[in-house]
Amino acid sequence: MMIVAFENFIYALGNELWSKWVLIALLGTGIIVLFATSGIQKYLGLALKKTFKSYFKGTKAEKDQKEVAGNISLVKALFTALSSSIGVGNVVGVGTAIAMGGPGAVLWMWISGLLGMGLKYAEVVLSLVYRQQDENGIYRGGPMYVYKNGLHAKWAGYIFAIIISVVSLISLNMVQIGSAASSLKTAFNIPPIVTGIIATIIVALVILGGLDRLSKAAYASVSVMTTFFVAGGLIVLILNITKIPGAIALIFKSGLTGQAAVGGFAGSTIMAATRYGVARGLLANEAGCGSAPMAHSTAKAKHPCEQGLYGISEVFIVSYIVCTFTALVILVTGVWKTGEDGVTLVVHAFSKNLGFVGEAIVAITIASFAVKTIFGGSWYGQTGMAYVAGTKGILPYKIVSLILCFIGSLLGSDFLFALTDTANGFAVLVNLVSVLLLIKVVRAQTKEYFSREDAKIV
């Protein structure tokens, strides 16, 4: 009885946060950053060019950055952030958004992504401006250090550090592995306990090896598995190419009017589309949550804005490539009308055209996305714990995260997603206060960086 009451409380609290407070904070701050930076999104092309050039240069790019302050290369820091932001939220979360908010939720995911580029840029810039080294020489950054070194409010840093540690354990750990276990159970009838054991061992091998091993694992897994998933989605879209224009039209019609071509989904209003689109969009690209800047803060960046551009690339890759592919596959196959949700919806979208191969693609993608997301999420939790308890608190935190990784494989994902929304909501509110209070720093850094002759050189 108490468990049911607790679940109902979490659902109600999450709905209250996301129905108005977090939406207003995210959209409002996103608009403020847009004007403060004179539309930093206009540098998307430059950001993508820098990102892909660094990626394809590989080790040569790392040698070029050898003497720059930081721990890992610009692109490895990006991929560490991507390892957490490209996860279950891009697959299962998109299905949940459409099931609960209708096709119009996709439009609000796109809008969330556009403003999210500016938010992520501002977060990353501030995190690099106010980052500091710990006793082991690791650069630590994020909202807690922004509060401490930028606003001289160490106490507020503690609040965020505790919140992000919880978010890391739930959103970037238990939610991920819970969805993976559910997907593998559906596709291959693999018992969740088996998934939990194998995943926990893999995660342990990576996170116990420190930042260097974690960043290398993230770099490799993001590249391979994102390509694998997008390729599978592309096949489905090619087979349904004549339905793509109609799906896109439905997204805009449903998002702007609250009416879909076919009724029956849980939310048929603009508010439902907005609420679930923005909520799932945040879970996907993490803009505004304050987590990804912790990974970016380890980068060997010559200027905070240089790494800020990589933050823009991060949101674009997540929101406009991975999430869009997932959404279009769900819509063109028509499975969104079935009333199914989460993992089941996405699995059926792929299997409708590709049969068992489609089920396998989704299951393998979710499982691999889940595990690599835990890599990045673990770094965020470790950073929060390092702020609260010093580096001595990191190993105990890793052990707790491994235990919860196993437990998460045995739990349902619906309640965990609700818990994630609630935890993310509080993280957003605390983080965005620091962004607003230091928006002048973001503006000054941006103006100074782009006035340099080498700023736009790829």
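Every residue, even glycine, has its Cβ placed from backbone N, Cα and C.
Copied over from TrEMBL:
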type	residues	note
TRANSMEM	21-40	transmembrane segment
TRANSMEM	155-175	transmembrane segment
TRANSMEM	187-211	transmembrane segment
TRANSMEM	217-239	transmembrane segment
TRANSMEM	315-336	transmembrane segment
TRANSMEM	356-375	transmembrane segment
TRANSMEM	395-417	transmembrane segment
TRANSMEM	423-442	transmembrane segment
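For the transmembrane segment (217-239), the partner stretch with the most Cβ pairs below 8 Å, chosen from 21-40, 187-211, 356-375, is 356-375. Of the Cβ pairs linking the transmembrane segment (155-175) with the transmembrane segment (315-336) and spaced 6 or more residues apart, fewer than 3 are under 8 Å, so the two regions do not touch. For the transmembrane segment (423-442), the residues of the chain that approach it from at least six positions outside its boundaries are 14, 17-18, 21-22, 25-26, 29, 32-33, 36-37, 119, 121-123, 125-126, 129, 143, 146-147, 150-151, 156, 159-160, 163-164, 166-167, 170-171, 279, 282-283, 288-291, judged by C-beta separation under 8 angstroms. Between the transmembrane segment (187-211) and the stretches 21-40, 315-336, 356-375, it is 356-375 that has the most C-beta pairs under 8 angstroms.
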